[in-house]
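Each remark here refers to the structure printed beneath this line.
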Amino acid sequence: MLQSIEHFDHWLFYLINRDGKNVVFDHLMPFISNEANFFIPIAIAWLYLVIRNDATHRTVAIAVIALIGVSELLCSDVFKPLFGRYRPFESISDFYLFRGAGDVWRWTGTLEERGGNSLAMPSAHATNIFAAAVFLSYYFRRFWPLFLVIAVAVAYSRVYTGNHFPMDVIVGAALGTACAAGFIRLTNRVLAKWHAFSASKRTAPSKDTTEGSSENEH
């Protein structure tokens with residue numbers, strides 16, 4: 001069973017990486033795969049949520065940072081050592097790879113190295129982007145198609161550039177979604193308590209009002 005899954009995984013990898021190779025994706029996928037290219041727009045969007053005078057937006061902004069931290073920790077320190085699966089360039093050959101010195105496309109005609117310290121499953125890129133996408137889709141539902149497209153594009157780019165097998169990103173997407181679900185429940189509890197506290201403050205009589213009522217009675 002596991003061997004059949006691995007064979008299908010390799011077949012799908014070659015289908016995306018070799019058979020699906022084209023000039024447009026050769027430029028687009030490396031750009032999407034590099035998270036540094038999205039730092040500025042993400043930072044601007046995050047600051048916008050923080051400076052808004054709205055407890056929900058601020059809580060979501062703080063929670064999504066914590067979520068990515070947790071998803072990265074679980075992915076890299078727990079599940080990657082647990083699965084112990086190597087990247088394509090450490091286990092197979094004859095595919096296109098965009099990685100390493102100079103960040104240029106090259107053909108891996110032979111196995112470059114067997115094993116190593118760079119574990120593949122689950123993909124951290126896929127884990128983190130799906131965690132953020134699912135979490136943000138819950139609170140900003142009109143933007144969920146955009147978040148989903150970005151998440152799928154990032155996951156696909158990791159296979160297209162030869163850095164991950166398809167199963168790596170699928171497992172990463174599942175892990176990220178699970179992390180997001182947990183954080184949604186936690187964030188909703190925090191928001192519920194905050195709204196209850198705010199409501200009690202609005203309905204509670206002020207000290208001045210109480211004192212004024214006492215004086216009128218006398």
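Here, residue 1 is simply the first one shown, and the rest follow in order.
Every residue gets a Cβ built from N, Cα and C, even glycine.
Pulled from TrEMBL, these are the features on record:
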DOMAIN    61-184  domain 'Phosphatidic acid phosphatase type 2/haloperoxidase'
TRANSMEM  31-51  transmembrane segment
TRANSMEM  143-159  transmembrane segment
TRANSMEM  165-184  transmembrane segment
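Averaged over the domain 'Phosphatidic acid phosphatase type 2/haloperoxidase' (61-184), the predicted model reaches a pLDDT of 90. For the transmembrane segment (31-51), same-chain residues at least 6 beyond its ends with a Cβ under 8 Å from one of its own Cβ atoms are 57-58, 60-62, 64-65, 98, 125, 153-154, 157-158, 160-161, 163.
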